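J.: Have a look at the structure that comes next, please.
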Amino acid sequence: DGEQALQASLSVEEKLXIALCLEKTGVDIMEVGFPISSPGDFKSVQTISKKIKNSQICSLARCIEKDIDIAGEAMSVCDFFRIHIFLATSRLHMKSKLRKNFDEIIDMAIFSVKRALRYTDDVQFSCEDASRTTIDNLCRIVEKLINSGVKTINIPDTVGYSIPNELSFIIKNLFQRVPNIDKAVISVHCHDDLGMAVGNSISAIQAGARQIEGTINGIGERAGNTALEEVIMAIKVREKNLGVYTNINHKEIYRTSQMISRICNMPIPSNKAIVGSNAFSHSSGIHQDGVLKNRENYEIIDPVSIGLKNVQLNLTSRSGRAAVKYYMNEMGYKDSDYNIDELYSDFLKLADKKGQVFDYDLESLAFISKQQDELEYFCLKFFSVQSISNGLSTASVKLLCGKKVYTESSTTSNGPVDAIYQALNRITHFPITLQKFQLIAKGKGKDALGQVDILVEYKKRKFHGVGLATDIIESSAKAMINVLNNIWKAKQVNKKLKILKKK
């Protein structure tokens, strides 16, 4: 659901990296895609289904036979999975969107459930726009769905319209009025249009819901979804009051949040609860004094409990790979999370440039190296830029394309970044349009790493790229190379899928 907020679709590799992070964090179920929507989404669901072992895989489908069949096919590589089907139940959606009456809606829902049960005995059903559905209709369809074999009933506040006492009222009524309610798990799926997604989710827990749907950092369509890290920590901090617990590995929360922020190109607001950079900052003198005496005076959460560690790095170009590996382990990274040879090579280059390397530098390098595939088709071997005072620039690049090396110079351009991009385009001939360019400082001071995130459009599809270096122009060039490789990979996936369809 979170991907709907992104300007560019994630690649298969990026989705897998997120899935592995979520698995390590300990989420029970992850909804990994909508396989009917595109060949890329089908491939992502299939790939993740093969790799994830400790979390249950779930796939989304409409109440359409082909949707359900494709979802079942995509996940058939794993032993146990869930199909999540949905259909609107509110009067507004039935009248203006579906143009069907409630009896027809029930028939469609039951037929789809039976279809899904051919593939798995774990079916979840969402009554879309449930918070604006009459309670009588909601109770009626929920009872029939449970009788048909649905194990999880999801109550979505699809447009973020509900307030906590209203959603609590809906959940309580289901428990009071649906005779077979004990045979299913009640779930809620809240949106944040009125800023109440987390509050609504907590009120639903108090009313009896035992599954909460959400996204890390609250990423989602419009104003976003329930921020999982906020619900998780609310449950942990107020466990006695709420009477429930989770199986989450809390110490993975911060790193997962940071990783997803980077992959999705969505910076975390500094005042974001739990994971924002100011979440554990104290500027008031009174507060600072109180925290120094006892952190519990002004902190209800121990920063260490979510994975924040005060690791003091003192790494220079004289530090060995054992030291780099030690600090990565101290920050919570496992050996399988990064390639030590690649990371150490990048570390030495950075240390030679800026002297001392900090924890955030190492994390950024590890993230970028993880994004790079060993078999990248495009590789930037060399570039040079010349600029003059009126803002005009020219650039020369040497680009490895597969096994061939091409050299190209750009004509006069408006700035060094545009000059490099024009030179690269003269070699690749990809009809791309730059839509967004963003520079983020990773660290502090004049030697901070600069991360460039770009968004381009290629044949009506959007692609995201990221580059990291102490030099902004180099970061920009690397970001475009990342984009070009993502486009090339997408083209290869489409070719393979066309061949499979012919077979």
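Here the Cβ of each residue, glycine as well, is placed from N, Cα and C on the backbone.
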J.: Have a look through N147, N225, N241 and flag the one Swiss-Prot assigns to the Mn(2+) site that D1, H189, H191 belong to.
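T.: So, going by the record in Swiss-Prot, that would be N225.
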J.: Within 8 Å of the Cβ centre of D1, H189, H191, N225, which other residues of the chain have their Cβ, at the recorded Mn(2+) site?
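T.: The answer, listed by sequence position, is P156, T158, C190, A197, E213, G214, T215, G220, E221, G224, T226.
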J.: Can you tell me how many other Cβ atoms are located within 10 Å of the Cβ belonging to H191 (Mn(2+) binding site)?
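T.: I get 25 for this one.
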J.: For D1 (Mn(2+) binding site), list the number of other Cβ atoms lying within 10 Å of its Cβ atom.
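T.: Counting Cβ neighbours of D1 (Mn(2+) binding site) within 10 Å gives 18.
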